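**Q** The ATP binding site feature in TrEMBL is assigned to 279, 280, 281, 282, 283, 284, 285, 286. Among the features that TrEMBL reports, compositional bias 'Low complexity' is placed at 1-19, 769-781. Taken from TrEMBL, the feature compositional bias 'Basic and acidic residues' applies to 598-612. What TrEMBL records for 782-801 is compositional bias 'Polar residues'. Per TrEMBL, domain 'Kinesin motor' is recorded for 196-520. The feature region 'Disordered' is assigned by TrEMBL to 1-80, 598-668, 768-801.
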Ligand SMILES: Nc1ncnc2c1ncn2[C@@H]1O[C@H](COP(=O)(O)OP(=O)(O)OP(=O)(O)O)[C@@H](O)[C@H]1O
C-alpha cells in the first residue's frame, strides 16, 4: 500500500485546529485525515445520504485492484483486505487528529466550502492556494479522497449500466443479423422477379478414370468470382461465361443447395417452381438432384426445407405435401410410384385441367407427413427408374426423371388457400451417339432423349425470342413442364459440365445452351391459387357477366320506355292544346247564350210593358197585392254568372242576324211573333253541359283512373257542399235571394243562403244587407277564372259556384213564379196568384215545391 507524504505525520503546529476545530459537515469530518489512496474507503467520505445515488459499496468491492511493478493488477487476498481496512481506519484516526489540531482558518474555510458541494461534485476552491503548506497537504488529501470516491462511484454506475444493457444489446444484435438475412433474401427475390429463370453452372471434378487417362481440365473457375467461369480448351482459346452462380469441383452439395434455397422457398409462398439439371451424360445431373445417401442432393434437401418451413409457420399456415414421381421414357410417361407401371393399361397421358395447368390423370399423388417418408418415396421412385450402362456412364439415366411436389396451403388467419407445384427434374444426358457407341435399344433411347432435349431447346429458344407460339407439345417433357417453363413460375436450371478435355465439345454446347436460357426474360412470377378457389372465382365472374348482360337489357328497355314516355308527352301536349281550344270555343258559346238570355229578358220586359196598358181593369187589384219582388228585382242573368261580361252592343241585331242557326238549337228562347213575347224555356240542359267538360278530360291518360276518380268523388261532393255551407261571412254568397214575404224566412228580414241544410231546408246565414240576387263582381270572377290553372279547379268552379248560381236562380224563379206547369197567362191575367186566397194557397205549397225542386236540381248537378 502506498501512503502519501504528510498523512502519517500531521502537522503538530496547527493552532486553529487545536484551539477550535473547524465545524465539520456531517459525514465529512474525517475527510481531512484520509490519505489519497486507492484503498480508501469511500464510505468514510460519503456526504449526507443521497437517496438517488447507489449505496456506498464496501471497501473490498470498490477498491481498485492494486498493481504490481509491471503495472498489472494483483488480486488482494482476504487477509490483505482485512489489513487494509485496519490501516484505513488508523489513517482516518490520524487525519482526525490532524484536522483537530488544524493549522489555520484557511483550511477550515476550505473544508467548509468543500462540504457545501454536492457529493458528485468536485470543484477545488481557489482558497487552496491560501492554505499554508502543512494545511495544504491536508486539504489535498481531502480532495483526493473525494476524487477517489467519485471515481469508484462512477465505475460502479458504468458496470451496472453494462450489466443492464447486455441482454438488450444481445437481442438487438440477433435481430440485426436476422434482418440482414431477410434483406438478402428479399433482394434475391427481387432479382428473381426481374428475371425469373436462374441458371447455375456446376462443374464436377475429374474422375479417377479421367485422371488416369491423363485428361486435363478445360474449365477455369475462380472461387472469388462466383458468377463467372472460363472455358479454356487450349492455350490460345479462352471463353468467358457468366451465370447466376458457378460451382466448381470443390463445392459440395450443401453449398449448391444453399443457393437454391430462395427458389425452393417460393413454392411455400404459392409459386410454381421448376428445378432441373441439364448436361451431357456423366456430368453429375443425378448426383446434383438425387445425390447419394451420404451426400444427398437437391430433391431430398428441398423437401427437408419444406417440412422445416411448415413447422416454422405452423401457427399461421397449415401445409400438406404430396409427392408424385414419374419418368418420360421413350416419349412415354411412367408412374414410378406405381409398382405396376409396366402394364400397358397404366399408360398415362397429359391433360389440360380447367385452370389451364397440365395434369396427368391417374398419377399417384402420395401424401407425405415426415421427412423419412420422403426418403422412402424417393428411393422407391429411383428403384423403378430406367437406367442402363453406356460407355460413358455405367449407370446412365435413360429417361427424364421428374419429381412433382404438390404443396397445398391454407392460411389460418385469412383463410387464403393455394396449391403450387415444385418440379425436380433430372434430365437424361445429351450424348453423341457415336461417342456413346450405343446400338439397339440404347440407340432408340438415345434418339428419344436427344429428340426431347432438342424440343426443350426449341421451347427455350422460343421463350428467349418471345415468340407468340411456344412449341410445348413437341415432346412429352416440354408438355409436362409447360406451366413450369412459362412466365408465371420460377425456374432454376443446373447446367452440369465435365472439366475433362475429352468432353470439351459437349461442354461448350452445354455452356452455350445455358447462356441462351439465361437470356430468357420472364415476367414476374404469379402466385398459384387453389383450383377450388379458382372455381369459386370463375363462378363469381360468370355471375357478374350474367348480371352485366341483364343490366344492359334493362338499360335498353329503360331507353325504350323513355322514348315511349316522350311520345306520350307529345300526345298529351297536343291533347291539352285541343282542350284549351275546346274550352275557348265553349266559353264563346256560353257568352253567346248569355247574350241571348239578356235579349230574351229585354224582350219579356218589353212584352210586359206592352201588355199592361191594354188591361187597365186589372191594374187596381194588382196594385193592392204585394209586388212579386223576386220577379221585379230579379237581376239579369249575367249577374249570377261567373262568366265574362257580354260584349256591349245591340244584341238584338246579332240575334237577328244569327237567328236561323240559333233557333235550331235546343233551349234557345224562341220569339213568339204572334204573342210578341218569348216563351219560357228551361236552361237546365244547357247548364248540364258544363260539368261534362271535365269528363272529356278524364279520358286523357294522365288524369286519374275511373276508380281513383270514384274514390275522390265523395271528397268533391263534400267540397262542393262546403263551398256553399262553410263560406265565410265576409265572402259574398254566390247566390242569394230575398225571402218571399209571408214565409217564415221573411220574418227574419235577413238574406238567406240558397244552400239547403242536410234536411233539405234552407240554411240561414247572416250575409249582410244585400237583398238582391248577387254574384261575385264580374271583374273579380273573371280574374279568378284566369288564375285557375288546373282542369280540376275549373271543374270545381263550374260545378260548384256557377251551377249553384244557376240553380239558385232556377229555384228563385220557381218560388217567385210558381210551378213551371202553371201557365204564365194566369199570372198576367190577374186570376192566378194575384188573387189573395189563391196566393196564400200557393205560398203554402210553393215553399215545399221549392224544396223539392231544389233537391232534385242539386242532385242532377252533382
Ligand atoms: N460434384 C461431384 N462430386 C463428386 N462426384 C461427382 C460429382 N458429380 C458427379 N459425380 C460422380 O460422377 C458420376 C456420374 O454422375 P451422374 O450419374 O450423376 O451423372 P449424370 O449426369 O446423371 O449421368 P447420366 O446422364 O448418364 O445419368 C457419379 O459417379 C457421380 O458420383
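Each residue, glycine too, has its Cβ placed from N, Cα and C.
Just so you know, TrEMBL annotations never went through curation; they're auto-generated.
On a predicted model such as this, the values are computed, not experimentally measured, just so you know.
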**Q** Of all the binding-site residues given, 279, 282, which residue's CB has the most CB neighbours within 10 A?
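**A** It comes out as 279.
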**Q** Taking DSSP as the reference, which of helix, strand or coil describes residue 283 (ATP binding site)?
**A** coil
**Q** Among all protein chains shown, how many Cβ atoms are found within 10 Å of the Cβ of residue 284 (ATP binding site), not counting that one?
**A** 22
**Q** Let me spell it out: for each of the binding-site residues (280, 281, 283, 286), count the other Cβ atoms within 10 Å of that residue's Cβ, using every protein chain shown. Which one has the most?
**A** 283
**Q** CB neighbours of residue 285 (ATP binding site) within 10 A?
**A** 27
**Q** Average pLDDT across the domain 'Kinesin motor' (196-520)?
**A** 85
